[in-house]
Amino acid sequence: RPQHLSGLEIIRDLCEGKLEGGEIGSTEITFTPGKIKGGTHIADTKTAGSVCLLMQVAMPCVLFAASPSELRLKGGTNAEMAPQIDYTVMVFKPIVEKFNFTFNCDIKKRGYYPQGGGEVVVQMSPVKELSPINLTERGTVTKIYGRAFVAGALPIKLAKDMSAAAVRCIRKEIRDLYINIQPVREPDDQAFGTGSGIIVVAETSTGCLLAGSSLGKRGKNSDKVGIEAAEILLRNLKHGGTVDDSLQDQLIIFMALAKGVSRVKSGPITLHTQTAIHFAEQLTKAKFTVTKSAEEDPSKDTYIIECQGMGMINPNL
């Protein structure tokens with residue numbers, strides 16, 4: 001699909017590589033990488049293809065580049081079947097930075113299905129190597145916050161309805177915690193097209209971040225959108241892991257590249273994560289093991305994902 005092709009093309013450009021079979025609908029590609037350079041690179045899906053997926057593809061490469069990189073990513077910022085940019089900034093970023101790197105993510109313009117038209121600028125400096133992470137203690141939930149947004153032709157009332165419905169839903173399970181879900185109307189100069197959605201994040205005493213999110217679409221009741229996000233969050237809080245099911249697979253490649261042993265406690269292993277582990281092991285010397293967590297509470301469905309990382313060293317630094 002367009003975002004997969006854009007992802008391959010940005011990697012080809014980042015490392016002066018060769019790509020054959022790079023077209024929409026292709027079932028086979030041949031890719032020959034060169035040396036990873038920094039600098040400015042533009043990737044444009046020309047659709048609502050997710051900028052977050054482009055970022056996921058490029059990030060492990062630019063970490064091992066010769067110099068700092070600026071990625072200008074264009075497409076959908078809040079798209080189906082992909083993390084929303086709000087999730088990337090609020091959950092993915094603070095957790096992935098535990099691998100001992102930082103990046104800057106500037107949302108220039110938001111873009112929605114079907115046209116996209118969003119733009120995000122990511123700036124990142126290379127590292128010598130990545131440190132392993134240990135995310136095995138959930139702690140207790142200390143706060144719940146989020147944002148419900150509308151853009152374009154939609155009234156702010158929809159955002160307020162999504163927010164209120166999500167709060168009501170969470171209140172049934174978690175009574176004693178202040179929940180702050182801000183309803184927002186995206187400024188017209190910072191959003192292209194019409195869209196709506198919500199993200200709700202729970203933060204714990206040990207610094208874990210877990211979330212639930214949902215997108216509005218035509219004919220979908222705004223209460224339902226809010227409830228959907230709340231239910232995803234509650235489901236992720238129930239399993240007792242330190243990461244939600246969206247973050248689980250996004251950490252695999254960094255665990256594989258890091259030097260040393262990483263451990264992450266998660267809920268049920270998703271198909272995405274199984275796939276990521278399968279390919280990470282084939283492409284690196286990393287070794288993963290997944291074991292059922294020896295929980296005090298046998299009703300909890302938790303696992304420990306452990307990885308002996310390959311200890312990738314940046315040859316340019």
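Count begins at 1; order follows the chain as displayed.
In case you wondered, yes, glycine gets a Cβ from its N, Cα and C as well.
Among the features that TrEMBL reports, active site, tele-AMP-histidine intermediate is placed at HIS272. In this view, HIS272 (active site, tele-AMP-histidine intermediate) is surrounded by 14 other Cβ atoms within 10 Å of its Cβ, with every protein chain counted.
Using a 10 Å Cβ-Cβ cutoff, GLN56 (ATP binding site) registers 18 neighbours. According to TrEMBL, the feature ATP binding site maps to GLN56.
Taking the domain 'RNA 3'-terminal phosphate cyclase' (1-290) as a whole, pLDDT averages 97 in the prediction. The domain 'RNA 3'-terminal phosphate cyclase' annotation in TrEMBL covers 1-290.
Positions annotated as domain 'RNA 3'-terminal phosphate cyclase insert' by TrEMBL: 136-237.
Counting in whole angstrom, GLN56 (ATP binding site) lies 13 from HIS272 (active site, tele-AMP-histidine intermediate) by their C-alpha atoms.
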